[in-house]
Every structure is written in structure tokens, then in C-alpha cells.
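*Asks:* Let me begin by handing over the structure; questions about it come next.
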Amino acid sequence: MSLRHGRPYLAIPGPSVVPDRVLAAMHAPAPNIYEGALVDMVAGMIPELRQVARTAHHVAIYVSNGHGAWEAALSNVLSPGDRVLVLSTGQFAHGWAEVAQGVGAEVDILEFGKQAQVDPARVEAHLRADGDYRAVLVTHVDTSTSIRNDVGAVRKALDAAGYDGLLMADCIASLACDRFEMDAWGVDIMVAASQKGLMVPPGLGFVFFSPKAATVRAAMPRVSKYWDWIPRADPEFFYQYFGGTAPTHHLLGLRASLDMIAEEGIEAIWARHATLTRAIWAAVDAWGKEGPLELNVADPALRSHAVTALKIGAPYGTALREWVEREAGVTLGIGLGMAPPGDPEWHGFFRIGHMGHVNAHMILGMLGTIEAGLGALQIPHGAGGLSAAVQVISAAGTSPAQVEPGNTAMQKQCCE
Ligand SMILES: *Cc1c(COP(=O)(O)O)cnc(C)c1O
């Protein structure tokens, strides 16, 4: 017998759960890509995208995944031989660094390890000694380690060092999950993709850029035609928005997702992610009291609210992932960048994705399923993990004073 038949839950750190509302919006006849509803819809989405990124400036949309957005961003501001400094807290920083090398940049990497944030003081000292970089690259949240970097503090370090190049941030994992303030934090270029906090299937890449970045682009001798953000951010006619045919159905999905984001509010979305993530931490802390399970990042202040990386020791990580998927319909993420694939240690890590369309019952269900798996596989663990998560959810919900007897909002919701 298996207990997995029912609605599956893909709890990997991207792609994330796609809301039915987004799927339904995509279930539509092909729209005209030259005039009419689609053209009007895209024009209306641009200001909303800026709001999600907390910027008043430009955005270019690409038919691409996150890797495409990485390359798009770099291609607009780097020429072969330009120097780039990458601040690394995990595998995704190295991935972006490789893309920078691919467009001809000379890349230096400052490594901060897999358990610590980027240290602004070290960045400042490095730049004081050698500040001749066209761009500094940082991942806001590195999805492999689940470390969240303080991008505002990095900006202050760059300013303190008198650095006058660009600051570029990868928010592919974090946008619409973890608080991010592009303009207030002084970020020049930010990249994102559709399939994580934005709740749309993979296929749209976003590059947000500041007036300073636009000036750097304007001085470039040459930018590859497809990645050039100028016609996309400021198109003379609709076809230029996407460097060719628009990704019609992804855009319909994005329209629905932006509606959902506007209805909930970005601050409320960040708060929901933070609370649900605290429930996960509470469960893991209890399980970890006895046994091998632990969070990758010890300090809660350094952890993402979009993804959680865990260590449990080989072969338990893989065994647990396989059990919860096979027996209960929950898919957890593989560990990334902690041990080389093929190495037996690789089986000792896993990750939980909790980005986008997730709520309390999904998180509690997922945690209850993990607890069941720990028990079934006889993996040593402390008691009370699920109850600890339940406490977090209980304490965060509407307080009794807000629930008037005999009223009202609830009745209205159910009966009208
Ligand atoms: C997912 C992710 C990427 C890669 O995105 P793809 O769509 O897989 O190309 C890059 N950076 C971060 C931080 C990510 O989470």
C-alpha cells in the first residue's frame, strides 16, 4: 500500500508549486502577439514587476530560465577583459561566475564558505586594496546553502571602499519570498526568474536595472543582440519586448501571479514566508536534539525564508527523500554543492523549498511527513518536531480577540 495518491507537493527549491489560478490563466487560446489584449496586459505588468522588486527603474523580460537572466545581465555591462568580483556563499555564486567567464570577464571570487554570510568588512578591505572591478556580483539567497546575504550591508561596504562600479544581485531564489529592496539597498542590477517566488513555470527571466547600469550599457561598444536590454526595457513596438515572439502563456500565468501578489501584499508575503520558515526551523531543532539532523546555517539571522538546506548524514538524506515521495507524495530537494555527486557523502544532504504558493497546512503536512519518514526509517531523532512547528503556527494565527463569536467574516466567507 502507498499513501501518496492525492495531490502531490513538490517541495524543492524551484520550480515551486504553481497555483491553480496561474495554471487556469495559462489554459487559454493563443492570443495575438501584435495588438490587442496581450499588448495591453504586458504594459500593465511592468509597473507591478517594479513594485515586487522595489525599484522605480527598468525591467527587461527574457524567454529564459535563471541562467539566461544571469547571462542577459552580464552581457549588457561586460566586455571581454572586464574584471568582476564574485562574493560566494555557495554553488550559485560559482555558477554566475562561470557565466561571467563565458562572456569574457576576468573573474575573482571571494569565498565566504557554505555556512557564513558575505562579510562586508572583508569585501571593503579587498576593494580598498584592489577596487578595479566593473561589477561586484552577490547572490541574495544562495539556494545550495540557504544562506541569505545582507545586500544592503554589501552596498555600504562598497561605498566605504570608494568603489564606483556596479553591484549586481541574484534574487532568483528570493524575490517575493525574502525582503529585498532594490533601490533602498543601492543595487544596480537584479536578476530573477519566474519559477520560484513568482509561482509561474520556468521560462521567464527578469533583469531589473538602475539608471547607472543603463549609463554603463549605453557606453558599451557592443552587446549581443538577443540579450540587449534596451529594446526590451523601452520597446518601440511590442515585438521588441521579448526579442521576438512573446512567451504568451507564461505571460498569462504571470498576470495571474501578479494579481495574487497584489492581493496579499508584498510585505504580507514576506511575513508569511518568515513565519512558515520558523515552523520548519522549530521542527528541525526538535528532531536534531537527538540524532544527526541539523540545519546547514546555525544563525537564524543568516537563513533564507525561501529554502532550507539540511544535513542528516549518508545514507539518510536520500533514504528520507525517497520515503516521503514514495509513501506520501512529498518531493524534497536534493543537496546541492555540499558533496560531489557520486561521493557517498552526497546522500547526507537535502533541501526543503518553501517559496511562493505555500501555506501553513502544506508546511505542517510536509513536516509531519518528514517526521513519519524519520520514524519509519528508524533514523534517530528527537521527539516533538511537528508539535514545535504547530506551536509556531498557533502563535502566529489570528488571536482570539480577533475572532468574534457569532460573527461574521468567516460565516460570510463560507455562506455567501
Ligand atoms: C534557481 C537559481 C538559479 C538558476 O536558475 P535556473 O532557472 O535553474 O537557471 C540561479 N541562482 C539562484 C540563486 C537560484 O535559486
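Glycine too: its Cβ is placed from the backbone N, Cα and C atoms.
The substrate binding site annotation in TrEMBL covers ARG351. Marked as domain 'Aminotransferase class V' by TrEMBL: 58-311. If you look up TrEMBL, you'll see LYS196 marked as N6-(pyridoxal phosphate)lysine.
Explain the structural surroundings of these features, please.
*Replies:* ARG351 (substrate binding site) carries a strand DSSP state (E or B).
Under 8 Å, Cβ to Cβ, and six or more positions away along its own chain, LYS196 (N6-(pyridoxal phosphate)lysine) finds PRO13, GLY14, PRO15, SER16, ILE172, ALA173, SER174, LEU175, ALA176, CYS177, ALA306, MET355, GLY356. Under the DSSP three-state reduction, LYS196 (N6-(pyridoxal phosphate)lysine) is assigned to coil, being neither helix nor strand.
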*Asks:* Are there residues of the same chain, six or more positions away from ARG351 (substrate binding site), whose CB falls under 8 angstroms from its CB, and which are they?
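*Replies:* Once residues fewer than 6 apart are set aside, ARG351 (substrate binding site) is near ILE12, PRO13, THR143, SER144, SER146, VAL307, THR308, ALA309, LEU310, LEU332, GLY333, ILE334, GLY335, LEU336.
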